[in-house]
Structure formats: C-alpha cells, structure tokens
C-alpha cells in the first residue's frame with residue numbers, strides 16, 4: 001500500500017511541476033479561454049429575446065408605438081425612463097443598444113461582456129502573479145454554480161445589461177483602486193484624477209446595491225491607507241466623489257419614487273407602516289442570504305484558513321483586500337432591506353463580490369505542497385465533470401424553449417396581415433430545469449409580457465389554448 005501511495009505522490013509531483021511551468025499555464029489558459037468563450041456564445045445564441053427585451057426595443061414613454069432606430073432614440077428613451085420608471089439609465093441604455101444591434105452582433109457583444117467580466121475578476125485576484133489557468137477555471141465554475149440566476153443575469157439581454165455589464169463597469173473601476181492599493185506610491189496623475197471623476201459617475205450610476213458595495217470598498221481602501229499613513233492619490237478621492245455623485249443621480253431619479261410607490265401599494269403598505277415594512281424585510285434578506293450565499297461564505301473561510309496555514313509569506317494587503325470585497329458583499333446584501341423586492345437576479349453583485357474575495361485568496365496560495373496540489377486538482381476535475389453534466393441539462397432545456405419561440409416567429413412571419421392576426425397556439429414551453437428562467441407568455445391581454453410580445457411582433461393578439 002505504501003508503495004502505491006509513494007508512486008501516486010511521485011506522479012502527482014511530476015504533474016504539479018509540469019503544470020507549474022509558465023508555458024504549460026499559458027497553453028492551458030488559452031485552451032480554457034477558447035472553451036468558455038465558445039460555451040457562452042452558444043448559450044447566448046440559443047437564448048431568445050424575452051419579456052422586457054421586447055419592451056426595450058421601443059422608446060420609453062412612447063406607449064410602445066415608436067421603435068428605437070438609433071442612438072438619439074436611446075437618449076430620448078432613457079431621458080423619459082429616468083423620470084417615469086427608474087434611475088439605471090447607464091445599464092438600460094446598454095440594454096437598448098444591444099437590442100438595437102440585435103442578432104448575432106448582440107450575441108457576440110454579450111459573450112465578450114461575459115469574458116471581459118471573468119478577466120477583470122481574474123486580473124483583480126491575480127495582480128502581480130504569474131498566469132494561472134486554474135484560477136480562470138475556478139472563476140467560471142463559481143459563477144456557473146453560485147449565481148442564483150445565471151441565465152437571467154448573463155444571457156437574457158435586459159438582465160445582462162443590468163447585472164453583467166453593470167458588474168463589469170463596477171469591477172473595472174474597482175480594478176484601478178485595487179492596483180493602487182496593492183502597489184502604493186504610484187505617480188499622482190492630474191489627468192487620471194480628472195478622468196476618474198466622470199468614470200466614477202458612470203460606475204456609481206449602474207446598480208443600486210452593487211454600486212453601494214463598490215463605494216464601501218473604495219472608502220475602506222482609502223481608510224486603510226490613511227491608517228497606515230500612506231499617501232492617498234488625488235485620483236482615489238475624485239473617483240470616489242464621482243461614484244457618490246453617480247449613485248445619488250441613480251437613486252434620486254424621479255422614476256424610482258414612482259416605481260417605489262407602486263411596489264408599496266402592491267405590498268399593501270401605507271406611509272405610516274413603512275418602518276414596519278423595513279423591519280419585516282430583514283428576515284427575508286437574512287433568509288435569502290442563507291439560501292444563496294452561505295455556501296460561498298463557507299468557501300471563503302476555507303480559502304482564508306488555507307491561505308493563513310499554507311502561505312509562508314502572508315501578505316497583509318492580500319488578506320485585507322479579500323476582506324474588503326467580502327465586506328462589500330455583506331453591505332450590498334444588507335442595503336436590500338430598503339427594497340420592496342429582492343429577486344434572485346439582484347444577488348448578482350453580492351455573489352460577485354464574494355467570488356472576488358475567494359479568488360484573491362486562491363490566487364495567492366502557493367501550491368508547493370503535493371498533497372494540496374492533489375486536492376486542488378481533484379476538486380477541479382470533479383467540478384469540471386459536474387459542470388459539463390449541468391451544462392448539458394440546462395442547454396437541452398434552453399434549446400427546446402428556443403425552438404418553440406422560433407416556430408412562433410416563423411408562423412408570425414408567414415402572415416400576410418400581421419396587424420389583424422390573432423395568434424392562437426396549443427404548443428407551450430415546458431422547462432424541465434431552473435436554468436433558462438423563461439416562463440410562458442400569459443394569455444391575459446392586459447398582462448405586460450403579453451402586451452410587449454404583441455406590440456413587438458405587431459400582431460393583434462396572442463393566446464394559448466390548453467388542450
């Protein structure tokens with residue numbers, strides 16, 4: 001038995017030494033990059049336009065009568081959206097731009113957005129380190145398994161604009177601070193200070209809870225440097241100021257108050273019971289944390305313990321940076337107590353911060369121990385197998401739904417007089433997994449999804465008759 005174990009460790013050590021070579025890492029990274037790029041593009045290509053996508057092809061405030069045909073229409077639409085519906089004009093503008101492009105163009109752009117999102121997480125976690133193919137793999141795996149609404153926040157155009165693209169903007173902005181934090185004493189550029197103010201406005205004007213978490217992370221980075229009596233570059237302050245301005249512009253949008261009052265009405269709350277409403281939101285937020293984030297919190301502390309135990313040269317800044325992203329995730333969760341609604345897709349930014357926190361620690365653990373390498377390799381192998389199995393099930397479900405939508409498109413396209421076409425169908429979508437997060441179009445003509453579908457296709461009505 002000892003002889004076999006000795007051989008096993010010998011082979012494991014050889015594999016570890018081979019994979020640790022820069023050439024092997026670069027090749028593996030390139031291969032994984034191509035594989036995940038292909039997977040995300042195929043998923044984007046298969047995911048149909050749905051719900052809000054149909055509505056966002058029209059200029060906001062036009063009562064679904066004027067289609068968006070150019071950038072001027074997007075500006076007009078978001079101006080109206082800001083006053084009538086909500087303050088996320090940056091990400092909703094991205095949604096309308098992607099829908100304006102349409103077809104394979106938007107699929108390619110959205111796929112590129114995902115890959116850039118992964119790469120920014122990779123750069124934040126792996127700053128100052130050598131190429132790590134396993135880190136790139138782990139980031140994709142964590143996103144796949146722990147984002148509670150993967151398809152709704154990464155593949156669905158409206159959802160991806162709000163969460164994937166919003167997250168990309170926020171992480172790209174934070175990357176600048178991370179670089180300044182890990183390598184202090186850089187040149188204090190006036191141009192950088194000027195540019196980061198409008199950059200901060202854009203980053204702060206993306207998503208309510210994620211942008212708030214971003215601001216907290218930046219404040220804590222500056223506070224850490226202040227406590228250590230390090231010089232704080234002017235650009236850190238102007239960027240923070242811009243982020244706060246952008247955040248205020250978003251949350252103070254008149255449209256937010258319109259939507260808020262509607263949500264309060266739906267929840268049967270009155271002015272005098274708002275305090276009670278906020279207190280009642282605490283339990284669901286904590287409950288959802290247990291449901292969506294507790295496993296990641298466990299992984300974070302396992303990664304932290306592993307780093308503290310195995311890493312001989314512990315870097316205080318690495319530990320602190322990881323903790324700051326973890327705190328950012330907690331903060332982004334708690335701020336949702338003030339929101340009347342907290343759908344699974346709103347967890348995207350929170351989960352992203354936790355993933356970054358984990359990956360910072362993972363990237364900085366030196367795998368010089370054969371046993372630790374073997375454990376890591378086995379985890380990656382089993383995670384990869386489970387990923388492929390779940391991907392196959394999810395894609396099969398999504399493909400069937402897409403075929404139903406395509407058949408409906410074909411039937412509509414064949415109609416000589418679409419405006420007077422009453423579309424009645426017996427075929428319905430029947431999701432077998434929770435992956436697509438696409439639900440059947442209601443037959444109720446007053447339902448907003450039905451209205452969007454009918455107006456988008458310029459038909460008279462759409463009804464499903466159950467057999």
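Using the three backbone atoms N, Cα and C, a Cβ is placed for every residue, glycine included.
Annotations in TrEMBL come from automatic prediction, not curation.
Quantities reported herein were computed from a predicted structural model and do not represent experimental measurements.
Long-range contacts of the transmembrane segment (27-44) within its own chain (CB-CB distance under 8 A, at least 6 residues past either end) are made by residues 19, 107-108, 110-111, 114-115, 118, 131-133, 136-137, 140, 151, 154-155, 391, 395, 398. Summarising the annotation, TrEMBL assigns transmembrane segment to 27-44 (among others).
What TrEMBL records for 97-122 (among others) is transmembrane segment.
Positions annotated as transmembrane segment by TrEMBL: 134-157 (among others). If one looks beyond the transmembrane segment (134-157) by at least 6 residues along the same chain, the residues whose Cβ comes under 8 Å of a Cβ in the stretch are 29, 32-33, 36, 40, 43-44, 47, 49-50, 53, 56, 95, 98-99, 106, 110, 114, 118, 121-122, 125-126, 163-164, 292, 295-296, 343-345, 347-348, 351, 354-355, 358-359, 362-363, 376, 380, 383-384, 387, 390-391, 394, 398, 435-438.
Here TrEMBL flags 163-182 (among others) as transmembrane segment.
Under the heading transmembrane segment, TrEMBL lists 211-227 (among others). Remote same-chain partners of the transmembrane segment (211-227), defined as residues 6 or more beyond its termini with a Cβ less than 8 Å from a stretch Cβ, comprise 166, 170, 173-174, 177, 180-181, 184, 203-205, 236-237, 239-240, 243-244, 246-247, 250, 320, 324-325, 327-329, 331-332, 335, 349-350, 353.
Taken from TrEMBL, the feature transmembrane segment covers 234-253 (among others). Among residues of the same chain six or more beyond the transmembrane segment (234-253), those with a C-beta under 8 A of the stretch's C-beta atoms are 82-83, 86-89, 173, 176-177, 180, 188-190, 192-194, 196-206, 208, 211-212, 214-215, 218-219, 221-222.
Marked as transmembrane segment by TrEMBL: 289-310 (among others). Cβ atoms under 8 Å from those of the transmembrane segment (289-310) belong to residues 142, 146, 148, 318-319, 322, 326, 329, 333, 344, 347, 350-351, 354-355, 357-358, 361-362, 364-366, 369, 372 of the same chain, restricted to positions at least 6 beyond its ends.
Proximity of distant same-chain residues to the transmembrane segment (317-340), defined by a Cβ-Cβ separation under 8 Å and at least 6 residues beyond the stretch ends, is recorded for 178, 181-182, 208-210, 212-214, 216-217, 220-221, 224, 260, 263-264, 266-267, 269, 277-278, 281-282, 285, 289, 293, 300, 304, 307-308, 346-347, 349-354, 356-358, 360-361, 364. TrEMBL lists 317-340 (among others) with the feature transmembrane segment.
Listed as Cβ neighbours of the transmembrane segment (346-365) (distance under 8 Å, sequence separation of 6 or more from its ends, same chain) are residues 121-122, 124-126, 129, 132, 135, 138-139, 142-143, 146-149, 153, 163-164, 166-167, 170-171, 207, 209-210, 213, 217, 288, 292-293, 296-297, 299-300, 303-304, 306-307, 310-311, 315, 318-319, 321-323, 325-326, 328-329, 332-333, 336, 339, 372. As annotated by TrEMBL, transmembrane segment applies to 346-365 (among others).
Residues or ranges marked as transmembrane segment in TrEMBL: 372-389 (among others).
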Folded-back contacts onto the transmembrane segment (97-122), same chain, C-beta under 8 angstroms, at least six residues removed: 33, 36-37, 40-41, 44-45, 49, 53, 56-57, 68-71, 74, 132, 135-136, 139-140, 143, 154-155, 157, 160-161, 164-165, 167-168, 171-172, 175, 352, 355-356, 359
